[in-house]
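Report on the structure given below.
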């Protein structure tokens, strides 16, 4: 006859799941299946997204790719003639505008800046709905004529998939950020058939970390995504570029000059993009959901004149490099693409700026190559070679990602001989663009919203404080053979909320909280020894910083966590949310007094618990949308008994329990704001 109670048998499967999640969260090998899953998801997402763009393009134009067909007529609406192209962007905007406004406003625009923000400021948290909304909105925008790229959306789609998986298994922030980067790498890898460039795009632009663990996970995701992309689209690059050869060493001077010109064009693109966006913001007075439709009419007028700017425009890019366009038309396409892309983004379109940067570089490089070849025919090679190098140089100037720029062009051509002139142009373009403009095309979007990623984020006081400075002492331990009655008596006599459990040698075997003991008493288990009932919650180290400890506290379904010795055999303390908050309060108060000796010292903070038991202004509001009293900080959130991540975009719900740090003079204001029961 089994000695296990029914309650313990029921709890066993959930314990197995918890151990599996603990393995994924806390071990180096746990990253492997996560990275593979994200890479597969990003690859499949990229494939589905490309097919979706093709389907919408066929629907709106009647052609597989309208940009290469000139002033073609849509066979589905022949009575409109070539003028259907004026209406296509407006109709598309009328569909995706309300979708974005209602379900995921962050799906509007480039895609990459939103991912960078999520990694830098939100712990890698991206809403799961973003992947679906971004895919649908961007496919509609591009398919209906939006002159933007598909790479930015695919990066955001892959990143959202990675973030959603990470949040599902409740990863700590460091690993959650890494899965976001894995998704970004997978998106680029599957799109360009360029797994190496995908890795460095994620490391250079998204993660900013070239550590061994990060690199390994991102490589796994990128390779997995590339395998899926190649299985569907084949092993050929999506661009077929002409063979490259260096005619003379003197050509390096020409490539250097091209790099400098690329910097000017790249910076000009950034200025035009945000200039047109500012103008659109100033002029538009209607509802945001209608903006893409009205702006689509303006874009349609541009496409009526230059149909080559319809959609992504890769066939036109290839045609330019192959020598199909004359010099003056290349310059018109360069200026037109700059305006069309900026207009698409400014009116609320959804799409990336990666492909437009490559397009501008191809037009600039080919035009420069034609001029140089005409002036120095014996020294300068084909104009197409300069178009290839120009692609990488302009992208490097706009994004400040020189490694990615070099690798993406190298993988597109598969020709090692291009590396030296390409690096020459890319390095000079990057250096000069830094002199001409502080921000990149991605970081400027965020800085205009008050978020300066280039400045660097000041470290939280908790990051410099070890757990040992805030933990509380543990009561005397109890042996593994102690009965439940003895445990309950100990908890009742000492009024402690937790008691450590040790074996005969004094080694740590778990903890028993008053809640666990009360639950065990109601189960009537036959084996009610302390060793059998003890729980093993995630453990902390005394040298661990309080910032990471707070992350674990928020994720753990516990009132506190044990602090173990360096060898993990003995319990040396216990840490709760209140302990962390007390340490934070003391540190902030001391810092304020030292930094501002000429001002009155800031008083101690109060720890206030808000229970959102009924309707009020906090329920269904995002944390960053609440009008909190000055110097108030939400430190912890529990929902249905579980710790929840606290980020700016967290939406509060009825039943939530908030732990808030507030100056004493604003405590009443906080209670009034919540209109719920508050206790301090």
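For all residues, glycine too, the Cβ spot is worked out from N, Cα and C.
Bear in mind that the values here come from a model prediction, so they are computed numbers and not experimental data.
Annotated features in TrEMBL:
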type: DOMAIN; residues: 471-529; note: domain 'CBS'
type: DOMAIN; residues: 533-593; note: domain 'CBS'
type: DOMAIN; residues: 595-676; note: domain 'RCK C-terminal'
type: TRANSMEM; residues: 31-56; note: transmembrane segment
type: TRANSMEM; residues: 76-99; note: transmembrane segment
type: TRANSMEM; residues: 178-203; note: transmembrane segment
type: TRANSMEM; residues: 254-274; note: transmembrane segment
type: TRANSMEM; residues: 294-313; note: transmembrane segment
type: TRANSMEM; residues: 325-347; note: transmembrane segment
type: TRANSMEM; residues: 353-372; note: transmembrane segment
type: TRANSMEM; residues: 384-410; note: transmembrane segment
type: TRANSMEM; residues: 416-433; note: transmembrane segment
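Per-stretch counts of Cβ pairs under 8 Å to the transmembrane segment (254-274) identify 384-410 as the leading one among 31-56, 353-372, 384-410. When Cβ distances are compared across the two stretches, the transmembrane segment (294-313) makes no contact with the transmembrane segment (178-203), since fewer than 3 pairs at least 6 residues apart fall below 8 angstroms. Two recorded stretches are said to be in contact when at least 3 C-beta pairs lie under 8 angstroms, sequence spacing 6 or more; the transmembrane segment (384-410) and the transmembrane segment (178-203) meet this definition. Ranked by number of Cβ pairs under 8 Å to the transmembrane segment (31-56), the listed stretches 178-203, 325-347, 353-372, 416-433 are led by 178-203. The list of residues near the transmembrane segment (178-203) in space but at least 6 beyond its ends in sequence, with Cβ under 8 angstroms from a Cβ of it, reads 31, 34-35, 38-39, 41-43, 45-47, 50, 115, 118-119, 124, 126, 150-151, 154-163, 165-166, 171, 209-210, 213-215, 217-226, 228-230, 233, 235-238, 401, 403-404, 407-408, 411-412. Summarised as a single figure, the pLDDT of the domain 'RCK C-terminal' (595-676) averages 67.
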